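*Asks:* Sharing a structure below in structure tokens format, with a few things to ask.
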Amino acid sequence: MGPARRRAALRLRGGGSPPLLGLLPGRFSIFPLFFLALLLGFASLLWLQLSCSGEGPVPGDGQSRGGPRQPCPPQAPLPPPLAVEEDEPSWGPHRLALLVPFRERFEELLTFVPYMHRFLSKKRIRHHIFILNQVDHFRFNRASLINVGFLESGNDTDYIAMHDVDLLPLNEQLDYSFPEAGPFHVASPELHPLYHYKTYVGGILLLTKQHYEMCNGMSNRFWGWGREDDEFYRRIKGAGLQVRRPSGITTGYETFQHLHDPAWRKRDQKRIAAQKQEQFKVDREGGLNNVRYRIESRTALNVAGAPCTVLNILLDCDTSETPWCTFG
């Protein structure tokens with residue numbers, strides 16, 4: 001039973017007011033009244049759930065039974081549905097692999113996939129969304145998942161977006177086009193709602209596949225939350241590349257919606273053994289060349305009309321090199 005139902009049940013257990021009970025027959029039992037109220041409460045919750053969609057009104061469902069479904073706040077506004085015709089010349093020659101590191105954040109995923117599909121389609125960006133789902137028993141490794149996504153994204157994409165699942169672009173002027181001149185940091189420090197230091201390159205970062213290979217991808221040594229993007233900034237500079245960022249965006253820290261609720265979902269910020277010292281070092285050997293993994297399954301999904309591919313990924317860890325990959 002969820003928190004709302006428990007609260008409803010607790011209120012019901014308190015019974016009615018004494019004057020109301022005084023009007024009932026002397027031999028009337030309170031238990032049938034209680035169960036009737038409980039049944040009505042469940043029916044109300046069921047109606048609310050069915051009449052409320054996680055993404056607002058569903059495209060093409062404007063005359064569904066009982067009227068249009070009402071949005072469940074808080075949600076980012078969805079761009080209007082579009083007819084996707086990627087074969088049109090106006091879509092351009094390039095194709096984006098949207099790489100989304102993921103583990104057990106399904107409510108965010110259900111919002112993210114249809115939102116980003118519509119957002120990119122409206123901008124006429126050819127794209128393929130890859131959900132990089134870590135299913136092993138090691139700590140979360142965002143960087144290794146991105147390396148795997150890069151290797152598994154196929155030859156029909158020529159650039160990537162390293163994209164957090166909890167960050168939605170709200171400003172349609174944000175550029176997701178082919179970053180030919182160098183890595184393009186969409187979620188720049190001037191626009192990201194949380195992180196504002198000048199070397200920050202997390203959140204949403206676009207690179208050509210050639211440039212990502214020049215960096216040898218990301219380090220596989222970062223288990224748990226954080227620091228992998230700071231190390232990747234040094235790799236970008238070491239490869240002789242210059243990070244570019246958006247200009248002319250006037251929406252400031254309202255440019256993105258951050259879906260993550262820290263009170264509900266705690267991040268794994270433990271620093272175990274030598275991890276405290278290692279997290280500030282540059283990994284000059286590892287990356288694309290030594291990521292260890294196995295694809296458990298590859299599944300094509302359609303989320304509210306938006307296609308994506310879910311890769312269930314089993315990462316491997318050499319505990320002699322990075323003993324902090326386990327939860328022990």
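Quick reminder: no glycine exception, Cβ is built from N, Cα and C everywhere.
TrEMBL annotations: computationally assigned, not manually curated.
The compositional bias 'Pro residues' feature in TrEMBL is assigned to 70-82. As annotated by TrEMBL, domain 'Galactosyltransferase N-terminal' applies to 94-176. Among the features that TrEMBL reports, domain 'Galactosyltransferase C-terminal' is placed at 183-258. Positions annotated as region 'Disordered' by TrEMBL: 57-88. Here TrEMBL flags 20-48 as transmembrane segment.
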*Asks:* Would you list the DSSP helix, strand and coil counts for the residues of the domain 'Galactosyltransferase N-terminal' (94-176)?
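*Replies:* Breakdown, helix to coil: 28 helix, 23 strand, 32 coil.
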*Asks:* Can you count helix, strand and coil residues in the domain 'Galactosyltransferase C-terminal' (183-258) using DSSP?
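*Replies:* Summed over the domain 'Galactosyltransferase C-terminal' (183-258), the classes give 20 helix, 11 strand, 45 coil.
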